[in-house]
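According to TrEMBL, the protein carries these features:
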| type | residues | note |
| --- | --- | --- |
| DOMAIN | 13-48 | domain 'EGF-like' |
| DISULFID | 17-27 | disulfide bond |
| DISULFID | 38-47 | disulfide bond |
| DOMAIN | 246-326 | domain 'HYR' |
(Lines of atoms letter the chains of each structure in order from A and count residues from 1; the text may use other names and numbers.)
(Lines give C-alpha, C1' and ligand atoms only; values in the text may rest on other atoms or scores of the structure.)
Protein backbone atom coordinates (compact mmCIF):
# COMPACT_ATOMS: atom_id res chain seq x y z
CA UNK A 1 0.00 0.00 0.00
CA UNK A 2 1.27 3.52 -0.78
CA UNK A 3 2.94 5.06 2.28
CA UNK A 4 4.12 1.75 3.80
CA UNK A 5 7.14 -0.53 3.33
CA UNK A 6 8.43 -3.81 4.64
CA UNK A 7 7.62 -7.45 3.94
CA UNK A 8 4.27 -7.13 5.70
CA UNK A 9 3.78 -3.37 5.09
CA UNK A 10 4.60 -2.80 8.74
CA UNK A 11 6.85 0.24 8.20
CA UNK A 12 5.58 3.73 7.41
CA UNK A 13 7.53 5.55 4.70
CA UNK A 14 8.23 9.29 4.66
CA UNK A 15 5.22 10.08 2.46
CA UNK A 16 2.72 8.21 4.64
CA UNK A 17 0.78 11.43 5.33
CA UNK A 18 0.29 12.43 1.71
CA UNK A 19 -3.47 12.28 1.04
CA UNK A 20 -4.08 10.25 4.19
CA UNK A 21 -6.55 12.57 6.01
CA UNK A 22 -9.86 13.55 4.42
CA UNK A 23 -11.92 16.78 4.63
CA UNK A 24 -9.05 19.10 5.48
CA UNK A 25 -7.64 17.06 8.39
CA UNK A 26 -3.94 17.50 9.18
CA UNK A 27 -1.66 14.48 9.38
CA UNK A 28 1.30 13.83 11.67
CA UNK A 29 3.50 10.75 12.11
CA UNK A 30 3.68 9.11 15.53
CA UNK A 31 5.95 6.12 15.99
CA UNK A 32 6.11 5.89 12.22
CA UNK A 33 2.34 5.75 11.70
CA UNK A 34 -0.05 8.48 10.46
CA UNK A 35 -2.56 10.14 12.76
CA UNK A 36 -5.20 12.69 11.74
CA UNK A 37 -6.22 15.84 13.55
CA UNK A 38 -9.71 16.38 12.13
CA UNK A 39 -11.41 19.70 11.45
CA UNK A 40 -14.49 20.61 13.44
CA UNK A 41 -17.46 18.56 12.27
CA UNK A 42 -15.45 15.48 11.15
CA UNK A 43 -14.18 12.35 12.93
CA UNK A 44 -12.86 8.87 12.24
CA UNK A 45 -9.35 7.48 11.75
CA UNK A 46 -8.98 9.44 8.50
CA UNK A 47 -11.60 12.18 9.17
CA UNK A 48 -13.95 10.37 6.81
CA UNK A 49 -17.04 10.46 9.06
CA UNK A 50 -19.34 13.48 9.41
CA UNK A 51 -20.01 14.17 13.08
CA UNK A 52 -23.59 14.13 14.29
CA UNK A 53 -24.17 17.86 14.85
CA UNK A 54 -27.11 19.13 16.87
CA UNK A 55 -29.23 21.45 14.74
CA UNK A 56 -30.11 24.77 16.40
CA UNK A 57 -32.76 27.26 15.27
CA UNK A 58 -31.99 29.85 17.95
CA UNK A 59 -31.56 33.54 17.16
CA UNK A 60 -28.21 35.06 18.14
CA UNK A 61 -27.95 38.58 19.58
CA UNK A 62 -24.63 40.26 18.69
CA UNK A 63 -23.66 43.39 20.64
CA UNK A 64 -21.10 45.71 19.08
CA UNK A 65 -19.78 46.85 22.45
CA UNK A 66 -19.06 43.26 23.54
CA UNK A 67 -18.02 41.31 20.41
CA UNK A 68 -17.33 37.57 20.45
CA UNK A 69 -14.96 36.28 17.74
CA UNK A 70 -16.52 33.22 16.08
CA UNK A 71 -14.45 31.52 13.39
CA UNK A 72 -15.11 28.08 11.93
CA UNK A 73 -12.65 26.28 9.64
CA UNK A 74 -13.86 23.94 6.91
CA UNK A 75 -12.34 21.75 4.17
CA UNK A 76 -10.98 24.13 1.48
CA UNK A 77 -13.43 24.94 -1.35
CA UNK A 78 -13.24 26.82 -4.64
CA UNK A 79 -17.05 27.00 -4.78
CA UNK A 80 -19.40 27.61 -1.85
CA UNK A 81 -22.65 29.24 -0.74
CA UNK A 82 -23.29 31.20 2.45
CA UNK A 83 -26.91 31.86 3.47
CA UNK A 84 -28.72 33.13 6.56
CA UNK A 85 -30.90 35.73 8.28
CA UNK A 86 -29.91 39.19 9.54
CA UNK A 87 -31.68 41.93 11.53
CA UNK A 88 -29.69 45.15 12.01
CA UNK A 89 -30.21 47.03 15.27
CA UNK A 90 -29.15 50.31 13.64
CA UNK A 91 -27.84 51.75 10.37
CA UNK A 92 -24.49 52.90 11.73
CA UNK A 93 -22.29 52.60 8.66
CA UNK A 94 -21.23 49.47 6.80
CA UNK A 95 -21.52 46.49 9.16
CA UNK A 96 -19.99 43.08 8.44
CA UNK A 97 -22.38 40.13 8.78
CA UNK A 98 -19.73 37.51 8.01
CA UNK A 99 -16.44 37.07 6.18
CA UNK A 100 -15.25 34.10 4.10
CA UNK A 101 -11.46 33.68 4.25
CA UNK A 102 -9.41 32.50 1.29
CA UNK A 103 -5.72 31.90 0.74
CA UNK A 104 -5.36 35.18 -1.20
CA UNK A 105 -8.59 37.07 -0.56
CA UNK A 106 -11.52 37.65 1.76
CA UNK A 107 -15.19 38.05 0.79
CA UNK A 108 -17.33 39.93 3.32
CA UNK A 109 -21.13 40.06 3.35
CA UNK A 110 -22.08 43.48 4.71
CA UNK A 111 -25.07 45.75 5.24
CA UNK A 112 -24.24 47.30 1.84
CA UNK A 113 -23.71 44.06 -0.09
CA UNK A 114 -20.25 42.58 -0.70
CA UNK A 115 -16.59 43.46 -0.29
CA UNK A 116 -13.78 41.50 -1.96
CA UNK A 117 -10.39 42.26 -0.48
CA UNK A 118 -6.83 41.31 -1.23
CA UNK A 119 -4.30 42.04 1.51
CA UNK A 120 -7.03 43.96 3.45
CA UNK A 121 -7.62 46.42 0.58
CA UNK A 122 -10.98 46.37 -1.19
CA UNK A 123 -10.64 45.42 -4.87
CA UNK A 124 -14.39 45.86 -5.37
CA UNK A 125 -17.39 46.67 -3.28
CA UNK A 126 -21.13 46.91 -3.95
CA UNK A 127 -23.68 49.57 -3.09
CA UNK A 128 -26.75 47.67 -1.90
CA UNK A 129 -29.52 48.17 0.67
CA UNK A 130 -31.65 45.42 2.23
CA UNK A 131 -35.30 46.23 1.49
CA UNK A 132 -37.18 44.77 4.47
CA UNK A 133 -37.49 46.46 7.84
CA UNK A 134 -36.38 43.99 10.50
CA UNK A 135 -35.32 40.56 9.28
CA UNK A 136 -33.79 39.98 5.82
CA UNK A 137 -32.57 36.77 4.23
CA UNK A 138 -29.33 36.75 2.22
CA UNK A 139 -27.52 34.13 0.19
CA UNK A 140 -24.13 34.37 -1.50
CA UNK A 141 -23.48 31.71 -4.17
CA UNK A 142 -19.89 31.69 -5.44
CA UNK A 143 -18.44 29.63 -8.28
CA UNK A 144 -14.77 29.69 -9.22
CA UNK A 145 -14.96 33.02 -11.07
CA UNK A 146 -18.13 34.86 -10.00
CA UNK A 147 -20.66 35.31 -7.18
CA UNK A 148 -24.46 35.70 -7.20
CA UNK A 149 -26.02 37.66 -4.33
CA UNK A 150 -29.64 37.00 -3.31
CA UNK A 151 -31.74 39.10 -0.95
CA UNK A 152 -35.06 37.72 0.34
CA UNK A 153 -35.08 35.06 -2.37
CA UNK A 154 -34.43 37.48 -5.26
CA UNK A 155 -31.19 37.66 -7.29
CA UNK A 156 -29.92 41.21 -6.76
CA UNK A 157 -26.60 41.20 -8.65
CA UNK A 158 -23.79 39.07 -10.09
CA UNK A 159 -20.13 40.01 -9.85
CA UNK A 160 -16.79 38.54 -10.86
CA UNK A 161 -14.21 37.40 -8.34
CA UNK A 162 -10.70 36.02 -8.37
CA UNK A 163 -10.00 32.29 -8.30
CA UNK A 164 -9.17 31.34 -4.72
CA UNK A 165 -9.41 28.51 -2.21
CA UNK A 166 -11.63 29.35 0.80
CA UNK A 167 -11.15 27.62 4.14
CA UNK A 168 -12.87 29.51 7.01
CA UNK A 169 -15.80 31.75 7.93
CA UNK A 170 -15.88 34.51 10.56
CA UNK A 171 -19.25 35.50 12.00
CA UNK A 172 -19.86 39.24 12.58
CA UNK A 173 -16.12 39.88 12.13
CA UNK A 174 -15.29 42.27 15.03
CA UNK A 175 -11.72 42.93 13.84
CA UNK A 176 -12.48 44.20 10.32
CA UNK A 177 -10.47 47.45 10.02
CA UNK A 178 -12.59 48.84 7.14
CA UNK A 179 -16.10 48.36 8.60
CA UNK A 180 -18.22 49.00 11.66
CA UNK A 181 -18.90 46.23 14.16
CA UNK A 182 -22.17 44.38 13.62
CA UNK A 183 -24.99 45.19 16.03
CA UNK A 184 -28.22 43.18 15.83
CA UNK A 185 -29.49 39.62 15.43
CA UNK A 186 -28.48 36.68 13.25
CA UNK A 187 -30.09 33.33 12.54
CA UNK A 188 -29.41 30.10 10.64
CA UNK A 189 -26.25 31.23 8.84
CA UNK A 190 -24.65 28.20 7.21
CA UNK A 191 -22.01 27.38 4.58
CA UNK A 192 -22.96 24.96 1.79
CA UNK A 193 -20.89 23.19 -0.84
CA UNK A 194 -23.78 22.98 -3.28
CA UNK A 195 -27.12 24.83 -3.33
CA UNK A 196 -29.45 25.89 -6.15
CA UNK A 197 -31.40 29.10 -6.80
CA UNK A 198 -34.57 27.08 -6.04
CA UNK A 199 -33.06 26.16 -2.66
CA UNK A 200 -32.44 29.87 -1.98
CA UNK A 201 -36.11 30.68 -2.66
CA UNK A 202 -37.26 27.85 -0.37
CA UNK A 203 -34.88 28.95 2.39
CA UNK A 204 -36.59 32.33 2.35
CA UNK A 205 -40.22 31.20 2.02
CA UNK A 206 -40.12 28.19 4.40
CA UNK A 207 -36.68 28.04 5.97
CA UNK A 208 -37.62 25.61 8.76
CA UNK A 209 -38.98 22.93 6.42
CA UNK A 210 -36.11 23.30 3.97
CA UNK A 211 -33.41 23.07 6.66
CA UNK A 212 -34.93 19.83 7.94
CA UNK A 213 -35.05 18.38 4.40
CA UNK A 214 -31.61 19.58 3.24
CA UNK A 215 -29.07 16.92 2.28
CA UNK A 216 -26.54 16.98 5.16
CA UNK A 217 -23.73 16.17 2.72
CA UNK A 218 -24.10 19.67 1.25
CA UNK A 219 -23.74 21.45 4.63
CA UNK A 220 -20.13 22.48 5.24
CA UNK A 221 -20.71 24.58 8.40
CA UNK A 222 -23.84 24.36 10.54
CA UNK A 223 -25.39 27.31 12.38
CA UNK A 224 -24.81 25.47 15.67
CA UNK A 225 -21.05 25.49 14.97
CA UNK A 226 -21.05 29.30 14.74
CA UNK A 227 -23.10 29.92 17.88
CA UNK A 228 -21.20 27.35 20.00
CA UNK A 229 -18.68 30.10 20.83
CA UNK A 230 -21.34 32.50 22.21
CA UNK A 231 -22.81 32.51 25.75
CA UNK A 232 -26.24 30.89 26.08
CA UNK A 233 -27.80 34.17 27.27
CA UNK A 234 -27.22 35.57 23.76
CA UNK A 235 -29.46 32.87 22.23
CA UNK A 236 -33.25 32.69 22.23
CA UNK A 237 -36.15 30.84 20.60
CA UNK A 238 -38.18 30.71 18.46
CA UNK A 239 -35.67 31.58 15.77
CA UNK A 240 -36.43 33.53 12.64
CA UNK A 241 -35.93 30.43 10.47
CA UNK A 242 -38.81 28.68 12.25
CA UNK A 243 -41.34 31.08 10.74
CA UNK A 244 -43.00 31.00 7.32
CA UNK A 245 -42.27 34.03 5.17
CA UNK A 246 -44.26 35.70 2.41
CA UNK A 247 -43.82 35.10 -1.31
CA UNK A 248 -41.60 37.76 -2.94
CA UNK A 249 -41.36 36.16 -6.38
CA UNK A 250 -42.60 38.78 -8.85
CA UNK A 251 -44.71 37.81 -11.89
CA UNK A 252 -42.62 37.49 -15.06
CA UNK A 253 -43.69 39.01 -18.38
CA UNK A 254 -43.51 36.05 -20.80
CA UNK A 255 -44.46 38.37 -23.69
CA UNK A 256 -44.27 42.15 -24.04
CA UNK A 257 -44.72 44.45 -27.07
CA UNK A 258 -41.86 46.01 -28.98
CA UNK A 259 -41.53 49.78 -29.28
CA UNK A 260 -44.08 51.20 -31.75
CA UNK A 261 -42.88 53.65 -34.47
CA UNK A 262 -45.85 54.86 -36.56
CA UNK A 263 -46.44 57.49 -39.28
CA UNK A 264 -49.84 59.14 -38.72
CA UNK A 265 -51.10 61.72 -41.21
CA UNK A 266 -54.09 62.62 -39.01
CA UNK A 267 -53.96 64.45 -35.70
CA UNK A 268 -55.11 61.30 -33.89
CA UNK A 269 -53.98 57.75 -34.72
CA UNK A 270 -55.42 54.52 -33.30
CA UNK A 271 -52.55 52.28 -32.14
CA UNK A 272 -53.01 48.60 -31.28
CA UNK A 273 -50.59 46.03 -29.90
CA UNK A 274 -50.70 42.56 -28.35
CA UNK A 275 -50.90 43.09 -24.59
CA UNK A 276 -48.30 41.56 -22.25
CA UNK A 277 -48.79 38.08 -20.83
CA UNK A 278 -47.57 37.04 -17.38
CA UNK A 279 -46.39 33.95 -15.52
CA UNK A 280 -46.38 33.59 -11.73
CA UNK A 281 -46.47 31.02 -8.92
CA UNK A 282 -49.62 32.62 -7.42
CA UNK A 283 -52.74 34.26 -8.81
CA UNK A 284 -52.35 37.58 -10.65
CA UNK A 285 -55.16 39.75 -9.26
CA UNK A 286 -54.81 42.87 -11.42
CA UNK A 287 -53.06 44.29 -14.50
CA UNK A 288 -53.16 48.07 -15.06
CA UNK A 289 -51.49 50.43 -17.53
CA UNK A 290 -51.40 54.14 -18.33
CA UNK A 291 -52.32 53.41 -22.00
CA UNK A 292 -54.20 50.47 -23.53
CA UNK A 293 -54.21 48.87 -26.96
CA UNK A 294 -56.68 50.64 -29.25
CA UNK A 295 -56.14 54.07 -27.69
CA UNK A 296 -55.88 57.19 -29.89
CA UNK A 297 -52.50 58.94 -29.86
CA UNK A 298 -51.54 62.37 -31.16
CA UNK A 299 -48.15 63.18 -32.63
CA UNK A 300 -45.31 62.75 -30.15
CA UNK A 301 -43.70 60.12 -28.00
CA UNK A 302 -45.46 58.15 -25.23
CA UNK A 303 -44.06 55.80 -22.58
CA UNK A 304 -46.41 52.87 -21.91
CA UNK A 305 -46.18 51.12 -18.54
CA UNK A 306 -48.00 47.92 -17.49
CA UNK A 307 -47.96 46.71 -13.88
CA UNK A 308 -49.19 43.29 -12.71
CA UNK A 309 -50.02 42.61 -9.05
CA UNK A 310 -50.16 39.07 -7.64
CA UNK A 311 -51.99 37.86 -4.54
CA UNK A 312 -48.86 38.39 -2.40
CA UNK A 313 -48.57 42.05 -3.43
CA UNK A 314 -45.55 41.69 -5.75
CA UNK A 315 -45.66 44.30 -8.55
CA UNK A 316 -43.39 44.05 -11.66
CA UNK A 317 -43.39 46.48 -14.61
CA UNK A 318 -43.44 46.02 -18.39
CA UNK A 319 -42.51 49.14 -20.42
CA UNK A 320 -42.25 50.19 -24.07
CA UNK A 321 -42.55 53.35 -26.22
CA UNK A 322 -45.06 54.57 -28.82
CA UNK A 323 -43.78 57.26 -31.20
CA UNK A 324 -46.18 58.95 -33.67
CA UNK A 325 -44.77 61.19 -36.43
CA UNK A 326 -46.65 63.12 -39.12
CA UNK A 327 -44.03 62.38 -41.78
CA UNK A 328 -41.31 59.88 -42.36
CA UNK A 329 -37.96 61.59 -42.53
CA UNK A 330 -35.78 60.47 -45.41
CA UNK A 331 -32.03 60.30 -45.06
CA UNK A 332 -30.44 63.54 -46.30
CA UNK A 333 -28.45 63.48 -49.53
CA UNK A 334 -24.77 64.18 -49.32
CA UNK A 335 -21.70 64.09 -51.45
CA UNK A 336 -18.63 62.12 -50.47
CA UNK A 337 -16.47 65.06 -51.52
CA UNK A 338 -17.43 66.78 -48.30
CA UNK A 339 -16.22 63.86 -46.17
CA UNK A 340 -18.15 61.50 -43.91
CA UNK A 341 -21.65 62.25 -42.58
CA UNK A 342 -23.04 60.87 -39.29
CA UNK A 343 -26.80 60.19 -38.97
CA UNK A 344 -28.12 59.88 -35.41
CA UNK A 345 -31.35 57.98 -34.70
CA UNK A 346 -33.10 60.33 -32.27
CA UNK A 347 -36.46 58.55 -32.35
CA UNK A 348 -35.31 55.59 -30.26
CA UNK A 349 -33.73 57.97 -27.73
CA UNK A 350 -36.95 59.86 -27.02
CA UNK A 351 -38.86 58.49 -24.03
CA UNK A 352 -41.88 60.41 -22.73
CA UNK A 353 -43.44 60.21 -19.30
CA UNK A 354 -47.14 60.73 -19.95
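Here, residue 1 is simply the first one shown, and the rest follow in order.
Backbone N, Cα and C define each Cβ position, glycine as well.
On the backbone, the CA of residue 47 (disulfide bond) and the CA of residue 27 (disulfide bond) stand 10 Å apart. The candidate set comprises the disulfide-bonded residues 27, 38. Of these, 38 has the most other Cβ atoms within 10 Å.
Fewest other C-beta atoms within 10 Å: among the disulfide-bonded residues 17, 47, that description fits 17. Confidence across the domain 'HYR' (246-326), taken as the mean pLDDT and rounded to a whole number, stands at 87.
Across the domain 'EGF-like' (13-48), the DSSP tally of helix, strand and coil residues reads 0 helix, 12 strand, 24 coil.
On the backbone, the CA of residue 38 (disulfide bond) and the CA of residue 17 (disulfide bond) stand 13 Å apart.
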